[in-house]
Structures are given as structure tokens and as C-alpha cells.
Amino acid sequence: MVPSQPFLHAVVFALTVLQAIASNTFIAAVYEHAVILADATEEPVSADDALALMNKNMDVLEGVIKEAAQQGAHIIVTPEDGVYGQRFTRETIYPYLEDIPDPAVNWIPCTDPTRFAPAPVQERLSCMARNNSIYVVANIGDKKLCNSSDPSCPRDGRYQYNTDVVFDPEGKLVARYHKYNLFMSETQFNYPKEPEAVTFETPFGKFGIFTCFDILFREPAVVLVSELQVDTVLFPTAWMNVLPFLTAVEFHSAWAMGMGVNLLSANTHNISLAMTGSGIYAPDGARTYCYNMKTEDGHLLVAKLDSHPRLSPASLPAVNWSSYASSVKRFSPNDHDFGGLIFHDWFTFTELTKPEGNLTVCQKDLCCHLSYQMAGKREDEVYVLGAFDGLHVVEGQYYLQICTLLKCKSTDLNTCGQPVEMAQTKFEMFSLSGTFGTNYVFPEVLYSGVQLAPGEFEVLNDGRLMSKTRPTKPVVTVTLFGRWYEKD
């Protein structure tokens, strides 16, 4: 007697769950997708044409999801805008949206596609999860009708949300998240009335989810980690890289380390928009990552993670980020401090004029201390120590405290803070600390060629970021990126 397909699926699902429970680890996958984009148009396309475009992208995702499952992955995260791309107005994105119900309805679109309004995208994503016995995370668009009884209802009678969905290995919708912190160009979407803190339980820990720009704000990012105690964050993103310390791979890796959680970051791949950089990050550093500004190809990453990273021996101890810097006197006084811009923020800099030494630079209440020894000082490369303590107000409003050792673009000090990817100077040691007023500080080390340094630096519980290898690889930046949410 040949077993039925539902029976075989149930067996595979049960074995997957047992494997995850038994090992206390799980295998994660993220896919950096080079999205097939719609033609730019001022008029909405038909629903059939919109679905045809989305099916082209889902054809790619379906193949990648199958490959990830064959490599043993229990979950895969795909990027923000990964099903339909960018280039939309409020009107032109409408044909791409579906009504996404609350997961409490207990719905498997793959087996019951007609239960709600037509939802071919949700049906297909559900089937991808079910057919491969894997959690599938995707970013699509939600639409909700409203009327004049709702004073906030838009003139066109509908809300439109940038939305993440999660389907479990049976194909059931288990999570829906509406992006709360929209980037300034996302005029096609509405803000949710209230921030959402979306979590769900899995056999390998408690998961939370949010999208791209959300990571810089207390709600939902800090709420999920510090208050709801998730183990792993799912992070679809369309991140435009900003050197020297807001590239996707370095900031997302630093955030996972500073928050003490796993982060599964899947970025859109679009070189013309400087979008690349995906990774699977643990509190002790990147397990795997990619950064590719040379080719147009997508990239699948797969790695093993601890199910409960806070219980791992490798997790960071509690850090008092201002302890060391507040207890020492200012290092040698600076007669030649100067100012410069990094991503629209006015930093105070001081130059590293000697091959080794101790420096302090201050701005407002933040003093940054650096002890360093170069493996050899080069005449053709200039490094500075910088401090910023203030409100960033360009594409959003958020308060930052940043200490950074960074390479200038050239020997002209006016270029300090401008984007730079390559360096040749190695350090025998560095130790960076600051008098931070916040406990939310994210440590970064970026090497030449936009390469991370997992395992090659450490954070002491007194707040010092210190090198471990002698000498280091060529350094682009060493940064303590502080986020003071209460002062936004």
C-alpha cells in the first residue's frame, strides 16, 4: 500500500520538528534576490499583469526555497520588495496587493485558497512552504478597505501596508507584520495606527519579525528583543549601503551582537541603488554573509544557529558601555580637532598623527577614547578618531552617539567621513571606548573590501572594543554605534 501524500507530508514535518528539538540548533537560510522589476508607469497595470510579474519573481524564490530545504534549512527569509520590487506610486502598487488576514484565522492558503478573497500570492508562498516542509518568510503588500466612519481612512478608501508574512512548514500563515517605520520614499504605503510587536513560537525558539528601517527604532525592534525576549529576528530589508558604518553587513552584524540575538537579514540585490549585503548573524558574529557590488546575481546563504543564543557560552556578558571611558582621564589634549560630515551628521575629528598613541575626542557629553598601535604608518593613508552626539534628522529622526576610528578617503582631511571601501593599514592593536549615555551600543569592525571581522575583536564588560588578532587585516573603520532612543 502506497502512503498518501498528506501522510508523507505529516511524517516529514514531524521529523523536521524532532530534529530541531533534539539538537537545540537549527539551520537558517536567507536569499539576496535580484528582483525582476515592473516597468515604470504612471498608470496601474491589470491584476493579471501584476500577478505575471510577481510570478516571475516567485519562480526564482521557489527554486531557491527548494534548494535551501535540500540543504537542511528549517527557515528561509527573502527580501523586502522581493516579490514585486520598487518603482511604485500609491495608485500603481494597488494591483499587486492582497488582503492578508490575521493569522488567528488558522489558514493554510495552499489547501484552502478560496476561503478568503483571491490571494494567489499567499497561496503560492504557502505551497512553497508546505511542499518543502520549511518556514517561508516573504514581504508582500496588504490592503484593507475603510470608509468615512474611520477619520483616518485615506481618500481612496483603503489602507495599504508594507507587510511581512510567515508560513510554517505545513503552509499555515503564522505571522503578519505591517512595517511601522516607513522610509521617506515609501509614499505608496500607510503607517499602521499602532506599532506591532509580532512574535511566534517555533520548535527552535521564539521568533520576531520587522522590516528594514524598523531596526533603527525602539518600536518594534527593542520591544521584541528586550521586552518580549525573542531568540531570533527575521529581517526582510531593502538596505541602501552608506559607508563607512551603515553598510548592511556591518550594521546588522553589530546589531545582532549588541542585542544578543540571532538576526536573519535578507537584502534586495540592486547595484544601481547600492542595495546588497545579507547575512546570518549570531551574537558572537556573522555565521555567513555576502556583499557584492560587482554582479547582478542573487545569492543563497545557509548556516547553523543556536536556538537560544542567550544561553550560549559565546553570548556577550552584560556590558556597561560607559564604565571604562568614564573612569579614565582624557588622553592627550588635542590642538587640532576639526569637523566633518558623515551621512549628514557633523562629527568632531582628531587625526592619528603618530604610529601609536592614546587619543580622546569629545562632542557634547560624549568623549571617545582610543589606544592604538599601527603595524606601520603609511604616508598615503590618514586615520581619524571621531565623535558624534546628536539628533540625526535627514531620512528620519533618531538620536545617535557614535565613536569611530576610520580611514579618510584621501590624505586631504576634508575627505574624512566620505565613503571608502579599501585600506592598506593594519593595526597591532586598538581599543575604543566612549562615555555613552545609552546601553544600546552596537560594535563594528570593517576591514578593507567591506569585509567583517567575526572572532577577531572582543567587547569587554567595561565597554571597550578591542582587537584580538595581531596584526589586524587592513582597517576601514572601528565603530561603537550608540542609539539613545529616549532622546528621539
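The backbone N, Cα and C atoms fix where each Cβ goes, and this holds for glycine too.
Keep in mind that what you see is a predicted model, and the values were worked out from it rather than measured.
Taken verbatim from TrEMBL:
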DOMAIN    35-307  domain 'CN hydrolase'
ACT_SITE  E80  active site, proton acceptor
ACT_SITE  K179  active site, proton donor
ACT_SITE  C212  active site, nucleophile
E80 (active site, proton acceptor) to the residue listed as 'active site, nucleophile' - Cα separation in whole Å: 8
Pairwise Cα distance for the residue listed as 'active site, proton donor'/C212 (active site, nucleophile) [Å, integer]: 9
Neighbouring C-beta atoms (10 Å sphere around the C-beta of E80 (active site, proton acceptor)): 26
Local Cβ density at K179 (active site, proton donor) - other Cβ atoms counted within 10 Å: 26
Neighbouring C-beta atoms (10 Å sphere around the C-beta of the residue listed as 'active site, nucleophile'): 26
